[in-house]
Structure formats: structure tokens, C-alpha cells
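**Q** Sequence annotations record features per position, and here Swiss-Prot assigns GTP binding site to 117-124, 164-168, 233-236 based on similarity to another entry. The domain 'Era-type G' annotation in Swiss-Prot covers 109-340. Per Swiss-Prot, the feature domain 'KH type-2' maps to 370-447. Positions annotated as region 'G1' by Swiss-Prot, on the basis of sequence analysis: 117-124. Residues or ranges marked as region 'G2' in Swiss-Prot: 143-147. For 164-167, the entry in Swiss-Prot reads region 'G3', with the evidence type sequence analysis. The feature region 'G4' is assigned by Swiss-Prot to 233-236, with sequence analysis given as support. According to Swiss-Prot, the transit peptide annotation covers 1-18, on the basis of sequence analysis.
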Amino acid sequence: MTLRSCETFLRRSLRFSTALNLTAFPEHEQLYLRVSSGCSVFRPQTVRKCLFHWTPACTVSQGVFLDRLQKGAAVTDESLCNQPVSVSPDRAQQFSLLMKDPDQPENAKSLKVAIVGSPNAGKSTLTNQLLGRKLFAVSSKVHTTRSRAVGVLTENDTQIVLLDTPGLTTQIKAKRHQLENSLLVDPFKSLKEADLVVVLVDVSDKWTRSKLSYEVLKCLALNPDVPAVLVLNKVDLLKNKALLLDITAQLTEGMVNGKKIRIHGASKPVRKAAAGANSRLKEKKAAGSLEDEADHEDKLKALKSHGGWPHFKDVFMLSSIDHEDVETLKRYLFVAAKPCQWQYHSEVLTDQSPEDVCFNTIREKLLQNLPKEVPYTMTQEIEVWKESEDGVLDISIKLYVQKETHMKMVIGPGGQLITRINQEAGNDLMKIFLCNVRLKISVKLRK
């Protein structure tokens, strides 16, 4: 199916084989979804008798789409991953596991997925949901993820490698905010390695939801041979659900999987893709036009006039409160996996060291609790990392701040804030390492 709204929308609808020719009576047209694969979906509670036909284009009926989207019940089960894998708190053991030869099954399949998008689109949250546990730091502030990290999801004979990338930003912003070079280069490197690209868009952000950034389009254009899917995130936070139809049309430029989509009820016309620019980009292999990014900046500039990408293979819509939507995307990834040797042993959950996991977890709490630039200026240092005689992992972290005012902010009145940060970070680390953790965070002014 070319447009995959989400499992929540379709789970109570009838589904027919693509070999059937289906249609419904014209007076019930608002009750079903027509897609390019040649099947129709309608609500059996309302329509009892129908005739059928095939339709060559993807048409989304606004009535049934909004009805199912608004009535979908929230699912709170977080068990998306069946394996209770943990990250080893011992650096040597974690490194040894990463170096261990994969335990290849007989019919091994694999898929490497790069998750890209603008800062704060929800990339790390989605990665955590797919893995079935919280592993990567998330916060409401931008640039929570500072460098690429790998999450590994292994089930039966299939391994999905998730590349969680920093939010795409510009060189000007990186220089202005003194951001690490990894925020600029890691997303592009990830796409070169990927078998599939997931472009994540936060539809609750009215400033960015209707247009893909130049950086996202540039990533896609430089890797036209890598299949890409569009994921609209946080759809439950969008009050006017009818806007989802317009957003889909704008971000795909009216094309999904090589076919035009028609959306009933869309209030804005879909801008046609600039054929010249896209054809030049697709001729990359023949002309070698994009092998050297610097030499072909003029062609990439043509992307600035675009708001969408007409080469998405599929479209998903995710709710932050309904995990069935994530489960649908997860199943899609497993189906898309190809016969290929595994890259990691089945016990590997991430390529991060336990120290990096700890630093990122604490940093998440600092970002959540401190204002403006304060958490971005802090550095961490490990003082103690050892297992005590009672089997508890003792971790002592020294937090360095640049100003005395920042120190007062971190400590909080009566030490309440640093105590809360310590407790929350410690609880998260216990869930990641699957062992008791005794965390101690102290604050010091860097001179």
C-alpha cells in the first residue's frame, strides 16, 4: 500500500487482496480508502453491499481518515521488543561484545535504517520505541543528540540496525552556537551506509511541518538510490487533523512510490515538482554529478525552491500515545529486510560505551531541567565507576559549570534540583544496565 496512514486507522477495516477489483457505491465514497495497489478499504458497519473496481491512483478519503484517527484508542503496552537485552555496565565487556562474531542464523536478513530530520523532530524517541526501551537521550530542547549512535533490534533471523542521527542543521547555525562537527557530518555519513532512510517530521510544529528543510532534501538528493519513507510524527498533538492530508501532499509533492496521490478535502493545491531539478538529480550515476558535493552546489541550490520530495516509497503517521503505530512501522522494517549477513551479535543493543550512555542520560536531565544555554555549557567527568561488594554499580560524576550562577541553578533551592536529576538519571541507568546503580553527581565551578 502506497500510503500507510497507520495501523490504528486500518485495524477495524476490511482489507482485500490486490488481485481484486473493488469499489463502493458513489454515495458511500467518503467511507473508504483507495490506494494505488488496487484495493479498497471501507467500514463494514456502515456499508453492507458493494460492487468493486480498481483505481490507478492513491486517493485518501478525508471522512474515514479523520474518523479513525480521532477515535483510535491509546495503547500503553511498551513491549515492542521481545528480547530483554541490556547494555553491559563494564566497558571491556561491551567492547568485547561489539567485536564478537555475529551468531548468524541460517537465513539471515538485515536492514540498516538511517533516521533523519530537523532538530527535535523525535528521532531518538522513535528509536527508543522501536527498540522497546529507553536507550537514547530525549528532551524538548534541540541538539539533544550530539553524534550518531547505533541501536540494534534483532528478532528471529532478522536484524535491524537503527542509525540515530543528530538533527540536521546548517553550517551557519553550527558556527553561531559552537556545535560539534559531528552534527554536520554524521547525518550525511549515515545515509551513505543506509539501506533505507526514515525522514521524520514533527507535524505539531507549525513552522516546519509543511516543508522539508534544505538539509533534509540535500541528504536525499545526494543519495537518490537509497529508498526513503516519510514519517509524520506526533499526529495526536495536531488539533486540526484535516491538515494531515495537506501536509502529506506538500511533503511528497503529490507523489508516493512513483504514483500521483489525490486527497479528498485537501484545501491547498499540490505544487508540481520541478522536473528539471529532479531529473538532474536522478542522473547522478550517469554523469557523476553529485560525487563531489562542493563541485555541484549549483545543482543542489535548485532544491531550495522545493518543499517536498516526490520519491518517498511510503508514508506513515505516528501518534506519541499509540504504540500500535510504531509497531506497524517496525513490521514494515522487518519486511523490508533483505538477505544479508548480520553486522552485530544478537546480544548487542547499541554501539555506545556504558560511559557514553551515562553521560547522555545525565545530559538529558540537565536539558529537561535547566533554562536556555546553561546545560549546553556543562561538561562531565567520571570520578568513580566500579561494582561494590554488595553488587551495586557505584558511579560518581563530577559536573563542571562555567559560572557560579549556573552552579546555583543546577543545585537548586536546598539542593532539590540536583537531587531530582540524580534520582531520575539513576533510575534510567538501572533500566538500561539492568542492575542496581548508586549514582552520585557533584557540581564544581571550572576555573
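Note: Cβ is positioned from N, Cα and C throughout, glycine not excepted.
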**Q** Could you tell me which of these binding-site residues, G117, N120, V235, has the fewest other Cβ atoms within 10 Å of its Cβ?
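**A** Sparsest of the binding-site residues G117, N120, V235 by Cβ contacts within 10 Å: N120.
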**Q** Which of the listed binding-site residues (K123, T165) has the least company, meaning the fewest other Cβ atoms within 10 Å of its Cβ?
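**A** Taking K123, T165 as the binding-site residues, the minimal 10 Å Cβ count falls on T165.
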**Q** Which residue counts does DSSP yield for the region 'G1' (117-124) in the helix, strand and coil classes, in that order?
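**A** Looking at the region 'G1' (117-124) with DSSP, the answer is 2 helix, 1 strand, 5 coil.
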**Q** According to DSSP, which kind of secondary structure is T165 (GTP binding site) found in, if we only use helix, strand and coil?
**A** coil
